[in-house]
Every structure is written in C-alpha cells, then in structure tokens.
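Chemist: Below you will find the structure I want to go over with you.
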Amino acid sequence: MTSFLASSRVPMLLVLVLFTLTSLTGSSLGNFYQDFDIIWGDWRAMILNDGELLNLNLDQASGSGFQSKNEYLFGKIDMRLKLVPGNSAGTVTAYYLQSKGSAWDEIDFEFLGNLSGDPYILHTNVYSQGKGEKEQQFYLWFDPTADFHTYSILWNPQRIIFYVDGSPIREFKNMESIGVPFPRYQPMRIYSTLWNADDWATRGGLVKTDLSKAPFTASYTSFNASNACVWINGASSCDTNNFSPPAWLSEDLDSTNLDKLQWVQTNNMIYNYCTDAKRFPQGFPPECNMS
C-alpha cells in the first residue's frame, strides 16, 4: 500500500493542478449546465444533449435568456449559434458581455431578424461607463439559420475585436488617451436573450413579429472561454506570478487579419456611426477621427 501511494502521488498532484487551472481559466468546450444559468423564460430555455446544446425560445407569452455563472475581466470567448429560421422579423437574438450597475460596460452582438428571404442584420455596439452609441451593422455572407457559426469576442486592455467564423469584422481600440472611455475595469458576465423587439428591430419597427409562427428558436453550442480571465472574489485568475501572461492578452490583428477586416467592412458593413453625419451635426466622436 505504501509503495502504491508513493508511486501514484505525482500523477495525483498533476491531476489536482490541471483541475485547478481549468477552474481558474474557464472551461475549454463548455457544458451549459456547468457554465450558465437560465435567468428568464422558464421552460422556454432548454439545455439538451447532456449540456452540449442550449435552445432559447420565444412564443406569444415570453422570450428567454441565460447568463454565465462566471464573471470575466478580459478574454477570448467563442460561441456557436444557429439563428431563428424563416420569418424572424421583429425578433432579436442578443449575445453579449455586460457588467453590473448604472455605469455599466457592455460588448454586443445583436442579430436582428427579418422577413423570409431577407438577410439578418448583425448589430454590434460597445458601451463603457453606461454610454454606447458606437453601432456598426453588417450583412453576413452566409445564411446564419442553416447551420451553426462561431461568433467570438476578443477583449483585452488594448482592443475589442468582433469575429465571425474566425474573420474579424470590427475592431474597437482603447483610446482613453484622447478621452474615449474603454471597458477595462469592470468584470462582465456573458448573456444571451431571444425576445420580441418589433417596435424597432426590423425596418425601424415597420415589420411586426408574426407570433402565429411561434415558437421561434435560436440554438447555441461549443461555448469556449478557456482563453479568459475569470473574476473570483475581487481577483483575476490571470493575476498570478506563477505563469506568464497569455498571448491573447496583448493580441493584435496581423496583416492577414487586417485584410480580412477591410474586406468585410468594405463589402458587408451597412451602417457605421462614424459616417453618420446627420446623427452628429456638431462633429463625430473623437475615435472616429483616428485612423
């Protein structure tokens, strides 16, 4: 017995270390039972396939939503989504990071539904200290209802980058040096909701949700927050002297990804607050004047 315990001591210690690291840095391919709580909609939010799939539903009575158990302060976070098919006009599927309080920070993906055959609009926004108004909107280059696609947020102290299937579509840089607030101090949870927003979502509210088509369903899988700093008891899992900082914490866009970003913004962007002169008759926000 003594020799067995001695021989198994190192593997057991290794298992404990690996378990601790996984707990601190978040799951790799997550399990929805372990990583999220249903916060709205009762049975309309369903976790299936032993925690590998989550469906949100919207019907005549209510939408539904979930939030992460963990808070994060910086991270590279992936989720695969399949959006409401068919006539999704008036519906919004929101997938975002948000902090607490009246001066909250937020990083948004919002998918605005449309009539059958018309494309979804992907709406993005960044809030800091409770103020947003930094919208960019895109048409996707595929049908987001036919299969799952990966929507990712890279959030580090220097920048926020929105990705779709690994291609960057938007970069919001830290420009605190010229007075632009940047979400850098408040930990955020991951949220997603499916709800009826037909007062504004489709063609400015002209097209209403056809609730006779309910339930509407959006599906989620393959959550990955292994590259994220979990905020626990006022401290970050990345604040340790025992490990070097992860590469993503200072990640930038290389020349290949800058070309991809330029292509998407040239070919698929349909709205940019930085070019909306009617909205800002007194002059554009200061970040819009930076290259």
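A Cβ is built for glycine as well, from the same backbone N, Cα and C atoms used for every other residue.
TrEMBL does not curate its annotations; it predicts them automatically.
Dumping what TrEMBL says about this protein:
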ACT_SITE  GLU106  active site, nucleophile
ACT_SITE  GLU110  active site, proton donor
DOMAIN    26-220  domain 'GH16'
CARBOHYD  ASN114  N-linked glycosylation site
SIGNAL    1-30  signal peptide
Chemist: Using Cβ-Cβ distances, find the residues under 8 Å from the residue listed as 'active site, proton donor' that belong to the same chain and are at least 6 apart in sequence, listing them in sequence order.
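Modeler: Listed in sequence order, they are VAL92, THR93, ALA94, TYR95, TYR96, LEU122, HIS123, THR124, ASN125.
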Chemist: Between GLU106 (active site, nucleophile) and the residue listed as 'N-linked glycosylation site', what C-alpha distance do you get in Å?
Modeler: 25
Chemist: Over the domain 'GH16' (26-220), work out the mean pLDDT and round it to an integer.
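Modeler: Here the predicted model's pLDDT, averaged over the domain 'GH16' (26-220), is 94.
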